[in-house]
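Asks: I'd like to ask you about the structure that follows.
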Amino acid sequence: MLYKGDTLYLDWLEDGIAELVFDAPGSVNKLDTATVASLGQALEVLEKQHDLKGLLLRSNKAAFIVGADITEFLSLFLVPEEQLSQWLHFANSVFNRLEDLPVPTLAAVNGYALGGGCECVLATDYRLATPDLRIGLPETKLGIMPGFGGSVRLPRMLGADSALEIIAAGKDVGAEHALKIGLVDGVVKQEKLIEGAIAVLRQAITGDLDWRAKRQPKLEPLKLSKIEAAMSFTIAKGMVAQTAGKHYPAPMTAVKTIEAAARFGREEALNLENKSFVPLAHTNEARALVGIFLNDQYVKGKAKKLTKDIETPKQAAVLGAGIMGGGIAYQSAWKGVPVIMKDINDKSLNLGMTEAAKLLNKQLERGKIDGLKLAGVISTIHPTLDYAGFDRVDVVVEAVVENPKVKKAVLAETEQKVRPETVLASNTSTIPIGELASALERPENFCGMHFFNPVHRMPLVEIIRGEKSSDETIAKVVAWASKMGKTPIVVNDCPGFFVNRVLFPYFAGFSQLLRDGADFRKVDKVMEKQFGWPMGPAYLLDVVGIDTAHHAQAVMAAGFPQRMQKEYRDAIDALFDASRFGQKNGLGFWRYKEDSKGKPKKEEDAAVDDLLASVSQTKRDFSDDEIIARMMIPMINEVVRCLEEGIIASPAEADMALVYGLGFPPFHGGAFRWLDTQGSAKYLDMAQQYQHLGPLYEVPEGLRNKARHNEPYYPPVEPARPVGSLKTA
């Protein structure tokens with residue numbers, strides 16, 4: 001053994017070939033600060049071996065290196081810019097030493113090589129991969145850019161266009177594509193990986209492969225003519241401006257850095273990467289996006305812990321076909337859980353099966369599946385008008401009309417047709433689970449399971465724990481949701497649960513703005529372009545359905561009369577009374593026509609202004625800041641109340657539910673991350689200016705306490721250790 005660290009070791013393999021093996025404790029390798037330091041120490045040993053002929057890098061895990069240790073990011077990003085820059089210089093000196101070894105080097109890459117893992121293998125001369133490879137640089141999705149030389153080496157290896165596509169979009173690619181673009185040099189089966197790697201190294205050692213020529217382009221300026229450079233970078237900047245926009249600075253910074261570094265060799269180019277990375281790491285966007293990643297890990301870990309002793313349901317059923325039922329059935333079948341889809345008429349069943357078939361055909365068109373797989377999946381969805389097969393079902397989700405009487409009747413009937421241990425769930429969006437449970441003999445086997453539309457795209461499923469829901473019931477439904485590829489978040493019961501409970505105060509803020517003379521078009525524009533929502537409130541209401549929102553608004557008002565009962569006729573009432581139900585019938589706040597792809601495209605409709613005139617005062621202009629404040633304060637206050645009342649268990653779960661269920665702008669990180677970034681005291685000062693607008697604008701006492709004591713909702717993060725100590729393992 002030449003060197004043994006906590007996460008890697010170095011040893012002789014054969015004939016002057018050494019192997020550096022990443023083998024961290026636990027299930028995966030991460031390129032954390034300790035591993036970078038350990039790699040430097042291993043290279044120091046290696047540099048003294050005069051009989052060294054070649055170096056093989058490999059992993060003892062199912063994945064090569066999954067990336068940097070993102071749990072370290074928030075503390076690293078808190079160190080002063082100069083110290084962070086120094087540490088990056090140190091880390092890059094380690095990878096430069098790997099790249100500068102006087103012998104050929106090869107990385108045998110299995111599974112994932114992402115972020116720092118990818119940057120590590122870019123420093124080797126050759127890369128051999130297994131068919132399950134996923135390799136790429138996802139840093140821009142975290143609000144930063146590659147910092148270990150990825151933005152320098154990748155363009156010089158692949159050419160500007162392919163590298164820009166991967167770096168700016170934060171993409172990873174599979175083995176076949178990586179081979180095509182030159183990111184790896186060969187693909188071999190896992191059992192042949194080491195044998196193949198040694199064979200390539202031997203060819204390089206004997207001179208049959210010119211490893212020096214392979215290495216040289218990574219050390220030089222990017223080989224692009226002025227015209228080629230202008231075309232590549234102009235196109236890339238245009239694409240990034242269109243897709244990322246102003247709220248996500250990292251992709252544009254990465255493109256501009258690669259452009260600026262193109263005319264320099266490795267050392268100068270790395271200095272430019274360093275100068276661009278450090279300011280990005282100190283942005284609110286980076287903290288928010290890293291926070292989302294960590295919250296996602298927390299939520300998934302919580303679900304895994306909850307279901308560790310639970311067997312995933314093997315047979316499911318959906319009550320109520322149609323678009324929603326068909327979407328749920330598709331998702332379950334697609335992920336391997338057969339499903340019975342029951343309805344009371346053939347028309348609805350046909351609609352549900354058509355929806356499932358449409359979604360599968362899209363997978364076929366994209367090349368994700370073949371005809372055989374499509375037929376196999378669709379055959380596991382069994383449409384029926386009766387309860388045949390329900391005695392074999394492990395879990396049933398009811399997705400009928402949003403009417404408590406109908407839902408109670410359907411659930412009570414179904415309870416008599418299933419085994420005593422079968423779990424029943426309701427896909428209600430607003431009706432309290434306790435109310436629906438009153439119709440059941442076994443309420444402990446019942447809970448809520450709120451999917452979001454469209455089911456196949458929306459990652460969140462709200463799991464609602466009723467007063468009598470058992471832990472086993474919750475665990476079974478969480479297990480099914482996880483199996484479906486969804487992110488389940490458990491909340492406690494109340495009208496609207498968590499997501500809709502906080503959404504309708506936001507809509508109420510919108511209605512009050514229109515009542516006071518705001519133009520809905522400007523409100524939409526400000527909330528989309530300035531705050532960053534994917535849709536403004538008017539557009540969102542049209543997509544949800546004005547009729548659906550009108551009904552839900554009444555349910556929420558009955559549940560929370562003190563705050564959500566309104567004493568005036570609002571825009572939603574006016575549109576509902578005029579049968580303008582939104583996208584579903586082509587008329588809402590906007591008029592909708594199908595585009596060439598059959599998707600609804602919104603257009604202005606002057607007729608809506610006459611309708612809204614009856615429920616609004618004389619038009620007046622509002623500043624962007626006032627619109628944002630009046631829209632967001634009711635939502636933020638309600639989110640805080642939900643945490644204080646125990647409806648949602650933690651700021652992390654609340655923020656993930658908002659991002660995954662409502663599209664809360666990820667660069668803000670969620671409501672609690674946004675609050676912490678603003679500071680509770682600053683938020684309180686802003687909110688107090690609008691308290692005269694009613695109870696929805698009254699700040700909860702818990703938040704006032706946070707403001708008084710200057711306390712954040714997330715635990716404070718301590719800066720990383722001094723840079724000098726990070727240079728040792």
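The count begins at 1 with the first shown residue.
Backbone N, Cα and C atoms are what each Cβ position is placed from, and that goes for glycine too.
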Asks: Pick the one from M324, M353 that Swiss-Prot also lists for the NAD(+) site with D343, V400, V401, E402, K407, S429, N453.
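Replies: Record check against Swiss-Prot: NAD(+) site with D343, V400, V401, E402, K407, S429, N453, extra candidate from M324, M353 is M324.
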Asks: Select from 202-223, 708-729 the stretch of residues annotated by Swiss-Prot as region 'Disordered'.
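Replies: Residues 708-729 are the ones Swiss-Prot records as region 'Disordered'.
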Asks: Restricting to the record's substrate-binding residues (D296, N500, Y660), give me the longest CA-CA distance in Å as a whole number.
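Replies: Across D296, N500, Y660, the two farthest Cα atoms sit 21 Å apart.
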Asks: List only the single closest residue to D296 (substrate binding site), chosen from the recorded positions M324, V400, H450 by CA-CA distance.
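Replies: Nearest by Cα distance to D296 (substrate binding site): H450.
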Asks: Counting distance between Cα atoms, which of the binding-site residues V400, V401, E402, N500, Y660 is nearest E119 (site 'Important for catalytic activity')?
Replies: Y660
Asks: Using all protein chains in view, find how many other C-beta atoms are within 10 Å of the C-beta of N453 (NAD(+) binding site).
Replies: 15
Asks: Tally every other Cβ atom lying within 10 Å of the Cβ atom of M324 (NAD(+) binding site).
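Replies: Here the count is 21.
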Asks: Among the recorded positions E139, D343, V400, V401, S429, Y660, which ones place their C-alpha within 10 angstroms of the C-alpha of H450 (active site, for 3-hydroxyacyl-CoA dehydrogenase activity)?
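Replies: Of E139, D343, V400, V401, S429, Y660, within range: S429.
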